[in-house]
Every structure is written in structure tokens, then in C-alpha cells.
């Protein structure tokens, strides 16, 4: 028996054979667009999801605004906790006749909000940033209403209180602008 030499084996490299590669990807279910219009490069990325869709496209100045808010809330909380009578006198231009516990409780609430602001500054999750901005906006709206009602009850309108009310309206507008611009869906590229 004479043995014939076998021809050299020709290996098919699916990496170089385009049609074979496309067939393989179609069978695996990758390479095509999903319902969101995203093209997955592998089955793993298809299963785990694309991390880029969770990335937040932040409005310009958002982190600076949250930093300013966090510092402001922390400073006001410290003033209300340490110097409650002086803080009340600055806003209402009269001495605090009752105990200072209410102003100190206000300082404690501000300190809690400041912690939320500091957390919002260091997070990358869009929903946490949105909730941080919403908490801040609610605070400004409630403070505006409470201060306005208190001033009407007292029948006074000091310059410091007017400045406080105007600043709260301005801060509320800026915060809500960031909240709404963060909530808009970004266009896919």
C-alpha cells in the first residue's frame, strides 16, 4: 500500500472570511441594532448593557452650582447651630424673643441638606443628581413661602428679608433650570 501524500490542510480563518464572520454574528445575535438603536459588539456587551448609556451629559456649570450650594448650606447650617440669635436678627431685624431651639433645628435640617449636596457633588449617577437638585429646589420654595408668611404676620419688610426672598427665587430658578436640563434625553450620535 502506497500512501498518497495528503494535501496540506487549508484552515478557514473566520476572522478573515467576512461572510463567515457575518453569519456567525447573526447566529449569535450581535452586530445588529437593538430596540434602542445601539449596536453591540459582543454578546457580553449585549447582556450587560452599554455603560455609555448611563453616562450623564451634564449641563455646563452643574458641578460648580452643586459645590456652591453645598458650601452655602454648610455655612448657613453652622451659623444657625452656633449663632441662632444673630442669624434671626439679621433676617427679621428684631431680637429672638423665644428660645433659640427652633433656629438650631433649622440649622440641623440645613446640615442634613448640605450632606445631600456633598453627596450629589461626588456622584456620577444622573438620578442622584436629579434628586439632589429637587431637594434643593423644594427647600428654596418652602423657605420662600415660610419667610413670606412670617413677614406678613409680623407686618414688617426689612431690606435683609427682601434680599433673602429675592435670592431664594433666583436660586430656585437656577436649580430648576439645571434639574430640567439634566432630565432631557440626549440625542444619539
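The backbone N, Cα and C atoms fix where each Cβ goes, and this holds for glycine too.
Predicted, not measured: the structure shown is a model, and the values here were computed from it.
Per TrEMBL, the features are:
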type     : residues : note
TRANSMEM : 62-83    : transmembrane segment
TRANSMEM : 103-121  : transmembrane segment
TRANSMEM : 133-154  : transmembrane segment
TRANSMEM : 160-180  : transmembrane segment
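133-154 is the stretch from 62-83, 103-121, 133-154 with the greatest number of Cβ pairs below 8 Å to the transmembrane segment (160-180). Listed by sequence, the residues of this chain that lie at least six past the ends of the transmembrane segment (133-154) yet keep a Cβ under 8 A from its Cβ atoms are 66, 69, 91-92, 94, 113, 116-117, 120, 161, 164-165, 168-169, 171-172, 175-176, 178-179, 182.
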